[in-house]
Amino acid sequence: MPEYQYLSGFGSHFSSEDARFPNALPVGQNSPQKCPHGLYAEQLSGSAFTAPRTENTRSWLYRIRPSVVHQPFKRFEGVAQFLRGTGWEEQHPNPNQMRWNPFDLPAAGSEVDFVAGLHTVCGAGDVRARNGLAVHVYLANCSMKDTAFYNSDGDMLIVPQQGPLDITTEFGRLYVKPNEICVIPQGIRFSVALEGPSRGYILEVYDGHFRLPDLGPIGANGLANPRDFLTPTAHFEDRSVEGYRIVSKFQGALFVATQGHSPFDVVAWHGNYVPYKYDLARFMVINSVSFDHCDPSIFTVLTCPSNRPGTAIADFVIFPPRWSVQEHTFRPPYYHRNCMSEFMGLIFGRYEAKEGGFMPGGASLHSMMTPHGPDHRCFEGASNAELKPERVADGTQAFMFESSLSMAVTRWGEETCQKLDARYYECWQALEKHFHL
C-alpha cells in the first residue's frame, strides 16, 4: 500500500478505513453498542450541533483508545514560548510599512521541532472570544519525537517555504511540499516530521473555518477547484509509548499531558471535518485581458468569512505565474491604501512589485490605511516598458494573508527576531514628481 493516499474534494463527507482492517466502520449508525474490532467511537465536532447543515462540520473516529486517556495537562515549560493569542498590547502600535528579512533557522547543533519553533509575528482579536487571527512562522530543524500537537484555539493554514512537512494526523498522513499548503482544523492532533531545516508561515483563525470563495459571475469553475483538495486516508499505528506527549495550544498558551500510547490509533473514520492539502500550482488564474490591474481578491484560494457580507476575517491569496496582456495599463500592483491588513510572504522567486529586498522566507506587513505599492525601480520600468503579452512571476510564488482586523505586531516580531528592515521605507523615496502642464 502506498504510504500516502488521499481522497479528493473540498467540504465533502468522506469515509475511510485502514486497508489492513476492512469493515471497521459501523454500518447504518455512528455509535453502536459494540464497534467493529473492539474500537471506541469518538465524535470530533467542528461546529455547534445546531449549526445550519451547510455549515455543520463533524467527524466520527473509530479508534483503539479514546482521546480522554491521558494524564492531566500542565503548562509546557520545555520550549521558549513566543506564541500569542490575546493581549496584543505588549508593543506600542506601529503604522509604518514593515518588512522582515528571512527569519533565521535554528542554529546548527540545536534541536528545535515544529512546536518549539512556533513564533507569532502579528495578530488581532481574542481566542477566548473566538474572534480574530494570528500570523506565525515556524523555524525548525528536527522531527517531533513521540509528541503530538493540537490547537484548541482555531484552524491553522500552513504554508511551507523551506523543506517538506511529513504530517501524521488522526485521519492519516499528509506530505506537504513548498508550493503546497495544508489546513489542520481546530482540535485535530498531528505530528510533524522533517527532512532537514524547515521554515514556513501559518495563518490561524479563531472563528469559523476556511472555505472556498464564492465565484459570482466567474461561474461554476475557476480559482481553486474543489477536486484538487486532498484529504488523507485512514492509517493507524497501535504503539505503546511511555510518556507520549500531547501538546495543546489553549488560549494562546502551551500545555502538555502524557499518555502511554500513540494518539494516531484511528482505524477508520467518516465525516466532513478533516485535514487537507492543496497544490498551489493547480490554481486556475483569472486575469484582465483588456486593461487595468485586477484587484488581488481575484487570486483568493481560501477565505474565512466574518459576519459582515463580503468581508473576511482572513483571506489566503496567492500571486502565481500567469500571462499579463493588458493594454495601455500600468501592469504591476497599483499604489494602495487599504481598509484591510495585508501580510505578505514569499515562498520562492522574486516578487514583481519589489524585486529587491523582499526575499523568500521573509515577510511584509502593510497595516490599515498605510500606503504601499511598487518601488521606484518597478514603477519606472513598468511605466516605460513595451506593452506586449508576457509571462509574469514565472519561478515565483508570493502570497498574502489579508484581514479585516487591524493587526498588532508582537515583541518577537518587532524586536526579538532582529529581522525587521528599518530601511524598508527607502524603496519609495526615489519616486519623482512627473506632474507637468
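Numbers here mean position along the shown chain, with the first residue as 1.
Using the three backbone atoms N, Cα and C, a Cβ is placed for every residue, glycine included.
On a predicted model such as this, the values are computed, not experimentally measured, just so you know.
If you look up TrEMBL, you'll see 5-280 marked as domain 'Homogentisate 1,2-dioxygenase N-terminal'.
Across the domain 'Homogentisate 1,2-dioxygenase C-terminal' (282-435), the model assigns an average pLDDT of 95. Summarising the annotation, TrEMBL assigns domain 'Homogentisate 1,2-dioxygenase C-terminal' to 282-435.
Sequence annotations record features per position, and here TrEMBL assigns active site, proton acceptor to His293. For His293 (active site, proton acceptor), the same-chain residues 6+ apart in sequence whose C-beta sits under 8 angstroms from its C-beta are Gln326, Thr329, Phe330, Arg331, Pro332, Pro333, Tyr334.
The Fe cation binding site annotation in TrEMBL covers His336, Glu342, His372. Spatially close to His336 (Fe cation binding site) yet at least six residues away along the chain are His366, Pro371, His372, Gly373, judged by Cβ distances under 8 angstroms.
Of all Cβ atoms in the shown protein chains, 19 besides its own fall within 10 Å of the Cβ of His372 (Fe cation binding site). What TrEMBL lists as homogentisate binding site is Tyr351, His372.
Sequence-distant neighbours of Glu342 (Fe cation binding site): residues of the same chain at least 6 apart with a C-beta under 8 Å from its C-beta are Ser364, Leu365, His366, His372, Met400, Phe401, Glu402. For Tyr351 (homogentisate binding site), the same-chain residues lying six or more positions away in sequence with a CB closer than 8 A to its CB are Phe319, Met344, Phe358, Ala393, Thr396, Ala398. Note: the Fe cation site is recorded as His336, Glu342, His372; in the same chain, Pro333, Arg337, Asn338, His366, Thr370, Pro371, Gly373 also have Cβ atoms within 8 Å of that site's Cβ centroid.
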